Amino acid sequence: MFAEAAAYGIDIDVDDRAVERLLSVGPADVEVADGLTFARNVFVPLTTACRYTCTYCTYYDVPGEASLLSPEEVRERCRVGADAGCTEALFTFGDEPDDRYTRIHETLDEWGFDSIHDYLYRACEIALEEGLLPHSNPGDLTEETFRDLREVNASMGVMLETTADVDAHAGGRRKTPGQRLNTIRAAGRQDVPFTTGILVGIGEGWRDRAESLLAIRELHERHGHVQEVIVQNVVPNERSDFAKPDLETMRRVVAMARTALPPEVSVQVPPNLSPAADLVDCGIDDLGGVSPVTDDYVNPQYAWPDLEGLRTVADAGGIPLRERLPTYVRYLPADLRPADADPAPDPATRDAWLPPAVADRIRADDVHGRRLRAVARGEGPLDPRPARGD
Ligand code: SF4
């Protein structure tokens with residue numbers, strides 16, 4: 001079915017009739033959400049090395065030019081973010097650097113780390129020490145690596161992008177739908193609250209969009225772990241000239257996402273890339289991570305809106321704007337969850353969705369713990385620059 005799916009034992013069979021039904025959905029078939037959420041984050045691009053070369057991507061650097069943040073740089077970024085009222089450290093890199101990135105591997109070795117994932121674990125610990133909740137997007141992972149990294153992450157993510165085999169992923173080293181679906185499944189098997197999404201305009205068709213959304217739904221129905229699905233449009237940049245999808249396309253695909261996914265799964269559009277105010281009546285209920293202190297390093301030409309810009313989007317739908325943690329409230333333990341929030345079903349393999357290190361960070365009796373708990377209770381948007389006290 002999907003490229004390389006069989007190699008990973010992916011047994012998702014999207015029903016043709018469900019695809020047809022979804023293809024008939026439009027904006028008039030969905031309702032405005034009850035509210036709009038966002039998370040305040042600091043972007044930490046741990047490395048710009050990536051084994052792949054997706055044609056629409058400006059994030060990766062070729063071997064010899066790729067950067068690697070030092071532990072001190074990670075700590076400084078996290079400290080600046082926490083001081084600016086952020087709750088989330090967004091750790092991102094493309095996909096595990098392959099053998100071509102000799103300098104990256106030598107540096108990691110000098111610092112005492114076996115791999116980029118080993119180093120990511122330490123970087124997440126630094127974020128927790130500085131008062132932030134880590135959300136990592138490290139590309140394709142195995143179940144074993146999720147088992148390790150979940151110990152220090154509030155949530156994690158990878159974009160499915162599409163179940164289609166598109167030329168945009170062409171080349172000797174290419175990511176495949178089978179790998180991505182395998183990663184989303186591996187996260188589910190390890191009970192990791194998870195973010196995924198589709199990328200619109202990279203050569204996929206309408207049927208591919210419907211199949212991608214239904215494949216995500218299928219994995220969520222099995223594991224209960226998908227907290228949000230991003231509907232992201234491609235944007236032109238200096239490496240590619242993909243046309244930005246027009247508004248009618250985005251309105252239709254957002255409505256399809258809202259219809260395909262269960263109500264507990266949020267539908268998100270990135271407000272620096274999408275005309276969010278014109279999509280709010282198509283069922284979006286989240287604007288994702290927005291940073292008061294760092295650029296969107298994946299799309300550096302597209303600046304984040306400020307708080308007033310986010311309020312404008314919410315106002316367009318006549319709905320309230322609320323700040324959230326990187327972990328959605330239904331995955332939080334009972335003592336940290338608002339009383340009126342429904343909990344997610346218990347995780348399959350452990351006592352709680354949230355690992356002890358992250359729950360302890362939120363419960364800590366310090367300025368950061370108080371900020372995190374206030375956001376969990378839905379008291380935001382908070383003053384973005386709280387005093388750094390204790
Ligand atoms: S889109 Fe992601 S996987 Fe593809 S080249 Fe860029 S960083 Fe790597």
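Cβ coordinates come from backbone N, Cα and C, glycine included.
Any TrEMBL annotation is an automated prediction that lacks curation.
Database features, via TrEMBL:
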- 36-272: domain 'Radical SAM core' (DOMAIN)
- Cys50, Cys54, Cys57: [4Fe-4S] cluster binding site (BINDING)
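Taking Cβ-Cβ distances under 8 Å and a sequence gap of 6 or more within the same chain, the neighbours of Cys50 ([4Fe-4S] cluster binding site) are Cys57, Tyr59, Tyr60, Phe93, Gly94, Asp95, Pro97, Gly139. Working note on the binding-site residues Cys54, Cys57: by count of other C-beta atoms within 10 Å of each C-beta, Cys54 ranks first. Across the domain 'Radical SAM core' (36-272), the model assigns an average pLDDT of 95.
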